[in-house]
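Q: Have a look at the structure that comes next, please.
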Amino acid sequence: MGTVSSRRLWWPLPLLLLLLLGPPGARAQEDDDGDYEELVLALRSEEDGPADALQHGATATFHRCAKDPWRLPGTYVVVLKDSDAHRSQPERTARRLQAQAARRGYLIKLLHVFHHLLPGFLVKMSRDLLELALRLPHVDYIEEDSSVFAQSIPWNLERITPARYRADEYQPPNGGSLVEVYLLDTSIQSSHREIEGRVMVTDFESVPEEDGTRFHRQASKCDSHGTHLAGVVSGRDAGVAKGASLRSLHVLNCQGKGTVSSALIGLEFIRKSQLVQPVGPLVVLLPLAGGYSRVLNAACRRLAGAGVVLVAAAGNFRDDACLYSPASAPEVITVGATNAQDQPLTLGTLGTNFGRCVDLFAPGEDIIGASSDCSTCFVSRSGTSQAAAHVAGIAAMMLSAEPELTLAELRQRLIHFSAKDVINEAWFPEDQRVLTPNLVATLPPSTHGAGWQLFCRTVWSAHSGPTRMATAMARCAPDEELLSCSSFSRSGKRRGERIEAQGGRRVCLAPNAFGGEGVYAVARCCLLPQANCSVHTAPPAGAGMGTRAHCHQQGHVLTGCSSHWEMKDLGTHKPPVLKPRGQPDQCMGHSGASTHASCCYAPGLECKVKEHGLPAPQEQVTVACEEGWTLTGCSALPGTSHVLGAYAVDDTCVVRSRDVSTTGSTSEEAVAAVAICCRSRHLA
């Protein structure tokens with residue numbers, strides 16, 4: 001998008017007065033028609049300066065895309081504070097901005113007002129007015145618009161079918177007919193035989209001009225990205241959920257390019273449609289990616305809070321998915337791509353994104369689907385867009401079988417039933433391997449009967465950073481229960497972890513240590529209806545004694561252990577036995593550390609502790625839960641100062657230590673992994 005000119009405008013005084021003080025009746029008529037473009041005059045200030053200068057004296061914050069080529073300066077999303085979000089406040093704030101800018105003589109164009117998704121508005125104005133806008137009392141933050149891109153450059157149907165259920169043809173448990181899927185993409189050729197009668201092309205269109213031309217090409221001349229994805233989701237022959245209906249929103253131009261603001265307006269269109277005519281379960285497919293966007297992530301959070309399932313492409317940049325939106329939004333199910341050998345998708349020098357913001361992977365290479373070249377044509381395409389379309393189709397089938405599933409329940413089921421440990425992790429950067437889930441999506445063996453299964457997943461925090469007071473924080477989804485907390489540092493310099501309540505929710509905190517390079521907090525998040533959980537803490541016991549913490553309340557069981565300390569190095573500590581005979585399960589900690597027992601009561605819940613230790617230090621020690629049991633807690637017994645941390649991988653507890661060849665460890669510094677395994681007695 002181009003910006004409105006910011007040069008000084010010298011207009012004759014009579015004409016200026018006529019524009020600003022023209023007949024009120026005429027202006028009211030223009031407003032009623034909805035075609036009146038809000039143009040206000042202003043006075044030039046200075047040339048664009050550094051973004052940091054915008055914060056001087058302002059109460060709001062300014063955000064822009066970290067990737068300069070994707071920025072669209074001159075167009076801004078202004079987001080208001082929720083506490084001030086009266087329905088008329090966005091218009092009032094926009095007009096106040098225009099009135100104040102009028103004294104400075106610029107042109108400001110009001111492009112859109114948000115009501116149904118988040119309180120705010122979209123404006124086109126000079127960057128010189130940003131500081132003025134940031135000072136407005138109701139403004140929370142302002143984000144510069146930026147570009148988003150399509151992420152696309154029948155083995156796939158076989159791959160998503162569990163091996164023991166594979167037949168000569170793809171036979172899904174249902175067609176997903178009770179679910180409506182919204183697709184934000186390019187235009188779609190709805191007359192293609194693969195999707196004819198299954199796609200409704202809405203009248204929504206918000207696309208930027210194509211690069212190098214001022215004219216939009218006809219829909220039939222587009223690159224068929226939207227048509228292909230519609231076929232992957234619900235095509236008659238090559239589709240995943242063959243009975244799902246689709247609604248198409250046109251937010252990407254024929255070059256596969258859109259904007260954050262267009263995606264926002266599209267999401268608000270969906271929310272408004274949901275309010276006007278509530279229907280059954282909704283899935284929104286977001287096969288696009290742009291730079292990290294606070295406002296786009298916030299919009300996804302709002303829509304997910306309204307019960308909508310959002311599935312997004314991780315991105316095709318062979319990079320950390322947390323650097324992109326909407327892939328980085330925690331409320332979005334983010335999907336990476338694999339090939340026919342279950343290996344990460346490679347696209348020349350690029351490939352699938354990865355990291356802690358990815359939930360799982362799905363087929364994304366050489367996917368056969370509908371082509372807009374003709375009504376019977378097919379084409380092969382690759383990318384994380386195709387992978388996300390597979391998961392959207394699987395989600396549609398799961399929601400058709402169980403329409404009351406929440407987002408948290410759906411995500412946990414997708415993770416639980418995925419094929420595990422099939423991806424070659426060596427493809428990922430070394431620092432991302434432990435963070436990236438080794439999961440490839442498959443259909444559940446049955447879309448019913450999982451009601452009593454205990455589902456858990458591992459959630460990694462962002463890296464804390466290297467400062468002394470830096471603290472990493474991992475949190476679960478609102479419908480999940482935090483059952484345990486652990487930490488991990490590649491340097492080994494950390495100060496443990498603990499669970500705290502913040503804003504009415506429990507979070508997992510892990511502080512960095514002096515001289516450390518940063519730390520991760522690792523939360524174990526589970527679905528545990530009717531749970532009553534608490535943390536019991538035992539202070540440091542003193543020299544020569546281990547610290548013990550256990551559950552005090554009757555009926556509560558131990559689900560996790562953690563500990564934290566203030567000193568730089570705890571030193572070595574030879575631990576006693578985990579559970580003295582005749583005593584309940586308990587957490588053991590170093591004598592110099594505070595030890596925390598995470599305890600929960602839930603109907604039918606039972607848990608047990610498993611320990612596996614080695615007499616000499618090893619780089620990795622693991623202990624796994626038996627079939628039918630779910631890992632809820634993972635920790636290391638206090639036996640060595642060389643432990644890097646502990647984390648859960650599916651139902652296996654992993655404890656990592658520094659390379660023994662460089663540590664000078666002794667045989668007394670044993671390493672032990674402690675797993676807490678739980679299940680519902682309804683399944684026993």
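Glycine residues also receive a Cβ, built from the backbone N, Cα and C atoms like all the rest.
Here Swiss-Prot flags 1-28 as signal peptide, drawing on similarity to another entry. Annotation comment: Swiss-Prot describes 75-148 as domain 'Inhibitor I9'. If you look up Swiss-Prot, you'll see 154-460 marked as domain 'Peptidase S8'. Annotation source Swiss-Prot lists disulfide bond at Cys222-Cys254, Cys322-Cys357, Cys456-Cys526, Cys476-Cys525, Cys485-Cys508, Cys533-Cys600, Cys551-Cys599, Cys561-Cys587, Cys607-Cys678, Cys625-Cys677, Cys634-Cys653. What Swiss-Prot lists as region 'C-terminal domain' is 451-684.
Please go over these features one by one and say how buried each is and what sits next to it.
A: Within the same chain, residues at least six positions away from Cys357 (disulfide bond) with a Cβ under 8 Å of its Cβ are Ala314, Asp320, Ala321, Cys322, Ala327, Ser328, Pro330, Thr334.
In the three-state DSSP scheme, Cys456 (disulfide bond) falls into the strand class.
Under the DSSP three-state reduction, Cys525 (disulfide bond) is assigned to strand.
When secondary structure is read from DSSP and collapsed to three states, Cys485 (disulfide bond) falls in the strand class.
Around Cys533 (disulfide bond), a 10 Å sphere centred on its CB holds 19 further CB atoms from the protein chains shown. Taken residue by residue with DSSP, Cys533 (disulfide bond) is part of a strand.
Taking Cβ-Cβ distances under 8 Å and a sequence gap of 6 or more within the same chain, the neighbours of Cys599 (disulfide bond) are Cys533, Ser534, Val535, His536, Cys551, His552, Gln553, His556, Val557, Leu558, Thr559. Under the three-state DSSP scheme, Cys599 (disulfide bond) falls in the strand class.
Within 10 Å of the C-beta of Cys561 (disulfide bond) we count 29 further C-beta atoms, all protein chains included.
Under 8 Å, Cβ to Cβ, and six or more positions away along its own chain, Cys607 (disulfide bond) finds Val557, Leu558, Thr559, Asp585, Thr632, Ile676, Cys677, Cys678, Arg679.
Within 10 Å of the C-beta of Cys677 (disulfide bond) we count 23 further C-beta atoms, all protein chains included. Mapped onto three states, the DSSP output places Cys677 (disulfide bond) in strand.
In the three-state DSSP scheme, Cys634 (disulfide bond) is classed as strand. Sequence-distant neighbours of Cys634 (disulfide bond) (same chain, 6+ residues apart, CB-CB distance under 8 A): Ser484, Ser486, Val522, Arg524, Gly560, Ala646, Tyr647, Ala648, Cys653, Val654, Val655, Ala673, Val674, Ala675, Ile676.
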Q: Take the C-alpha atoms of Cys526 (disulfide bond) and Cys476 (disulfide bond) and report the distance between them in angstrom, rounded.
A: 8
Q: So which disulfide-bonded residues out of Cys456, Cys476, Cys485 end up within 10 angstroms of Cys561 (disulfide bond), measuring C-alpha to C-alpha?
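A: So the list is Cys485.
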Q: Counting every protein chain present, what is the number of Cβ atoms, excluding its own, within 10 Å of the Cβ of Cys322 (disulfide bond)?
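A: Looking across every protein chain shown, the total is 21.
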Q: I'm trying to understand the geometry here, so how far is the Cα atom of Cys625 (disulfide bond) from the Cα atom of Cys456 (disulfide bond), in Å to the nearest whole number?
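A: Answer for this pair: 13 Å between alpha carbons.
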Q: Rank the disulfide-bonded residues Cys456, Cys485, Cys525, Cys625, Cys678 by the number of other Cβ atoms within 10 Å of each Cβ, and give the residue at the low end.
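A: Sparsest of the disulfide-bonded residues Cys456, Cys485, Cys525, Cys625, Cys678 by Cβ contacts within 10 Å: Cys625.
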Q: What residues, ordered by sequence, lie under 8 A Cβ-to-Cβ from Cys587 (disulfide bond) and sit at least six positions away in the same chain?
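A: When sequence neighbours closer than 6 are ignored, Cys587 (disulfide bond) has Ala538, Arg548, Ala549, His550, Leu558, Cys561, Ser562, Ser563, Thr595, His596, Ala597, Ser635 within Cβ distance under 8 Å.
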Q: Compare the Cα of Cys476 (disulfide bond) against each of the disulfide-bonded residues Cys254, Cys456, Cys600 and report the nearest.
A: Cys456
Q: Should any of the disulfide-bonded residues Cys254, Cys456, Cys485, Cys600 have a Cα within 10 Å of the Cα of Cys525 (disulfide bond), which are they?
A: Cys456, Cys485
Q: Determine, to the nearest whole angstrom, how far the Cα atom of Cys508 (disulfide bond) is from the Cα atom of Cys600 (disulfide bond).
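A: Here the two Cα atoms are 16 Å apart.
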